[in-house]
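TrEMBL has this to say about the protein:
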type     : residues                                                                           : note
ACT_SITE : CYS100                                                                             : active site, proton donor
BINDING  : PRO15, MET16, MET17, GLN70, LYS140, HIS173, ASN213, GLY214, GLY215, GLY236, ARG237 : FMN binding site
DOMAIN   : 13-315                                                                             : domain 'DUS-like FMN-binding'
Amino acid sequence: MVAARYLPPWFSVAPMMEWTDNHYRTLARLISKHAWLYTEMLAAETIVFQKGNLDRFLAYTPEQHPIVLQIGGSNLENLAKATELANAYSYDEINFNCGCPSPRVAGHGCFGVRLMLDPKFVAEAMSVIAANSDVPVSVKCRIGVDNHDSYNELCDFIYKVSSQSPTRHFIIHARKALLNGISPADNRKIPPLKYEYYYALLRDFPDLRFTINGGINGVNEVNAARGEGAHGVMVGRAAYHNPWNTLGHVDTAVYGVPPTNLTRRQVLEKYQAYGESELRKYGLKPNVRDVIRPLFGLFHSEPGNGLWKRKADAALLHCTTVKSFFEETLVAIPDSVLDATVGEAPSGSIDTFSKLSGLLPPPYSEREQEALYA
């Protein structure tokens, strides 16, 4: 059940390793008040073994709510301890990673997407996580792994996990994962998207909640997916590489909130105050480069963007404060860009999802479900 004090997770920003850190999430929240934000995946072992240094990994500003902690792991004891330790930080949901195809994750320790081949363990893990937390739990997964990619196999996974644990929310990346040595980047491009699997899950598991993920880049696509029945939509790289134009329309176009006339200049003023307060909080880290990195997509496709990035590269070699970095670089951006509001949401008909009704796989039958336990 979603925390009542927040609007539903109709739009969420995907957990992305080394990207959706505290700095990025601060920027994202300055632009959108209602998008649900996810942390990077944190290994349960990291939380357990950094017990005396948890703020560095788990702390965030109160403004970041609603926020979901994503954890990964394959050791039930560590998952239990990590969840218990995270309770003090009051996340709004705990998400378990069963979708990451990175060899660093899927190989060593056998977690991430490989866990889709072991739904019994995932159910145990979700039960342990739920037992040690007082917030809802969810699973993020793919639609399959290697040759285990039939719709029925996906349904087997969903059915076993949901029937043997308290899990009622699944985030479905609508591509399978290939664990044959291709890179995580190729795993986001080579396996074809099969949105029809997602919509078939809505049909076959009406008591569960599903968020769709993969290949969705803007609010018009988000609203098209929701218009065809999607419970929620998760956007990844577009929200990172083009935050102003992606997140800037979420509150108005997805949540129906009146526009605030926010400008990039206002965002940067608030972000500067945040950045200065964060610098060198943990010894030498974070440095100016760490804090500035999420801003590199803020002027996507705008006049002055190329010059700003060149000035930024030079300034990062010697600037020791966020203020001095901005003073040296923002002269490249015209006032008309800094002071413009996000404007109207992009329009246009998106028929990607409306064409799927005739492509849905046959229903997952109760007979097949019962056979699993015969």
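Note: Cβ is positioned from N, Cα and C throughout, glycine not excepted.
Counting Cβ atoms from all protein chains shown, PRO15 (FMN binding site) has 26 others lying within 10 Å of its own Cβ.
On a Cα basis, LYS140 (FMN binding site) lies 9 Å away from CYS100 (active site, proton donor). In this structure, the binding-site residues LYS140, ARG237 were compared by how many other Cβ atoms lie within 10 Å of their Cβ, and the smallest count belongs to ARG237. Shown in sequence order, ALA14, LYS140, ILE171, ILE172, HIS173, ALA174, VAL233, MET234, VAL235, GLY236 are the residues of the chain, 6+ apart in sequence, with a C-beta less than 8 angstroms from the C-beta of ASN213 (FMN binding site). Sequence-distant contacts of GLY215 (FMN binding site), defined by Cβ-Cβ distance under 8 angstroms and a gap of at least six in the same chain, are ALA174, ARG175, LEU193. When other Cβ atoms within 10 Å of the Cβ of MET17 (FMN binding site) are tallied across all protein chains shown, the result is 17.
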